[in-house]
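Working notes for the structure below.
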Amino acid sequence: MSNQYDPYGQGNQGHGNNQFGSQPGAQPYGSQPGGQQFGNQQYGSQPFGGQQPGSQPFGGQQPGSQQYGSQPGAQPYGNQPGGQQYGSQPADHQRFSPGAQQQQPANFNQYGGYQYGFQDHTSDQVHQRTYDEGRFAPSHTQALRIQNRVETHQGAPAQAPWTTQAISVTPSVAQKPSDTGDIVRLVIALALGGLLLLGFAILFLFMTLSSGLVTFVAMFLSFFPLLLIIGMVLWFDRWKPQPKVAMGLCILWGGVAAVILTLIFRFPLEYLMAGAGVTDESGAISAVVMAPIFEEITKGMILVVIALAARRYFEGPLDGWVYGSLAGAGFAFTENILYLSSAYMSGAQYGVGAASLIMTFIVRCLLSPLLHSTFTMCAGVTIGLAARRGQWWSIILMWIPGLLAGMFLHALWNGLATFLRPSSFLAAIVVIIVPSLLISSIWFGLAIFLQFNETKQTRANLGDYANAGWLTHAEVEMLGTWKGRRAGKRWAGRYPSGKQHMKKMIKTSTALATTRMRIVGGVGGAGEQERERYLLDQFTQERSALMHAAGQPGGF
């Protein structure tokens, strides 16, 4: 045996030639041809944090220093009485011996198609791995990660199949962060939602007095595109679901407040135009200039409010895509009621009220339902970029480019609808379909890209905890991929309450990843450190409960 060093200068005794997690005579999991070990260097990158052999351990702790979350004189975090460390096998279970072929428990040697090698549980070495950053990550992220290191969990869980490792913990020691702020925000959001519902009732009453009972038909038809958009947004929001209260508030704001504010802002300008002798008989000024400006500003206000008042729930461009899409969908819902009712009333004068209503429904609700969602989504995405890190004023500043992009697309669409007047209905349909598909493709394309990027960012953030010993890299793969999550729930479903524990692990790990991103980005202050410790405790408890349900070592 010869002395070896981990990427952070920790001396470790090698166990013959048997590499990390490998079976005797087998190639290590994830190793490259030529014997390069998976996780030591990936795509030519340096070990995590860029440290060389001989430097201090990850987290800056010296051997023998106080452990994560422990008090002077207290037992190390996660240790059992008697000195048993986090990640070690209980005394009544056979330990894995280095270099020996172990009997693999039935049904646990494979996980979701991934073959994980067994690890010597007597080693405290944490296997280091570099994870790729997602796009739109904060600038100089690697430097920020080094500055905000995760404190090393000494006696870390062995890098083995998570279904076979023993992880023994003491009861939770971190206190749950105060939720007073969340309660206050919830009360305010519910109160505002109630006022908006009342406002919609009053607005609908005026529409009914103006157009009669056909307003109810128009509202029923307008629900079709609204529900379609909500369903698609929820599907794209599955990875890290946003609070339903915030999502509902965006819909109500777009459908009520934005409509009313747009009407209020337009009246003074139209009055000034009339006083100056400016006529708008064709409606070009109203459609191409005033509508894009006032509508996009009023719809986007709610996005800025959420980002400033509830920043923990507005953590990236995908969140902005979700909120912006819903605000636009709410605005389109109310606008569709107005247009459908007006189309029927105009056509009824010539005996074609029903036909006019149907044609308007086809054009607005079937052929172009995503327009307002796309326009407002642009502002949400740019606000989400600023919400990941930076001062509060950067959120307002980053609203401007997204706002201008939404205004441009809105003006382009209204301009085509105003100035291109095909001679036939079929030609009009073609003129509408082509630009509508192009604009809608932006909505779908960004959603797919941002969702993929969100999963990548989750793996990168959870990787920090794996490199510090709090999670295993197998857990990062399981919790940070769609395939891993599905396989994990299938496996856990074999045991009593197992699937419930797995779902909580997934939810907690997602919250842990976003908390890590906020810490790295310098958002949230000391409260995020407290939240991080609590989430680590919760994840560990759920993992141990799952191990107990599965009859694995490490349960309690």
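The backbone N, Cα and C atoms fix where each Cβ goes, and this holds for glycine too.
Annotation source TrEMBL lists compositional bias 'Low complexity' at 41-79.
Among the features that TrEMBL reports, compositional bias 'Polar residues' is placed at 99-112.
Look at TrEMBL and you will find 1-118 tagged as region 'Disordered'.
Under the heading transmembrane segment, TrEMBL lists 186-207 (among others). Residues 215, 219, 245-246, 248-249, 252-253, 255-257, 259-260, 334, 337-338, 341 of the same chain, all 6+ positions outside the transmembrane segment (186-207), place their C-beta atoms under 8 angstroms from a C-beta of that stretch.
According to TrEMBL, the feature transmembrane segment maps to 213-236 (among others). Distant neighbours of the transmembrane segment (213-236): 204, 207, 247, 251, 318, 321-322, 325-326, 329-330, 332-334, 336-338, 340-341, 344-345, 353, 357, 361, 364-366, 369-370, 373, 447-448, 451; these residues of the same chain sit at least 6 beyond its ends, with a Cβ under 8 Å from one of its Cβ atoms.
Positions annotated as transmembrane segment by TrEMBL: 245-265 (among others). Remote same-chain residues near the transmembrane segment (245-265) are listed as 186, 189-190, 192-193, 196-197, 199-200, 203, 226, 230, 233, 291, 294-295, 298-299, 301-303, 306, 310, 313, 322-324, 326-335, 372, 376 (criterion: CB distance under 8 Å, separation of at least six residues from the stretch ends).
Annotated transmembrane segment per TrEMBL: 285-309 (among others), in sequence order. Long-range contacts of the transmembrane segment (285-309) within the same chain, counting only residues at least 6 positions beyond its ends with a Cβ under 8 Å from a Cβ of the stretch, are 185, 246, 249-250, 253-254, 257-259, 261-262, 265-266, 269-270, 273, 278, 320, 323-324, 327-328, 331, 372, 375-376, 379-380, 383-384, 386-387, 392, 395-396, 399, 402-403, 406-408, 410-411, 414-415, 417-418.
The transmembrane segment annotation in TrEMBL covers 321-344 (among others). Note on the transmembrane segment (321-344): residues 200, 203-204, 207, 210-211, 214-215, 217-219, 221-223, 225-226, 229-230, 233, 236-237, 242, 246-247, 250-256, 258-259, 295, 299-300, 302-303, 306, 314, 353-354, 356-357, 359-361, 364-365, 369, 371-381, 384, 443, 446-447, 450 of its chain, located 6 or more positions outside it, place their CB under 8 angstroms from a CB of the stretch.
Cβ atoms under 8 Å from those of the transmembrane segment (350-371) belong to residues 214, 217-218, 221-222, 224-225, 228-229, 328, 332, 336, 339-340, 343-344, 410, 413, 425, 428-429, 432-433, 436, 439-440, 443 of the same chain, restricted to positions at least 6 beyond its ends. Per TrEMBL, transmembrane segment is recorded for 350-371 (among others).
Annotated transmembrane segment per TrEMBL: 392-413 (among others), in sequence order.
The feature transmembrane segment is assigned by TrEMBL to 425-450 (among others).
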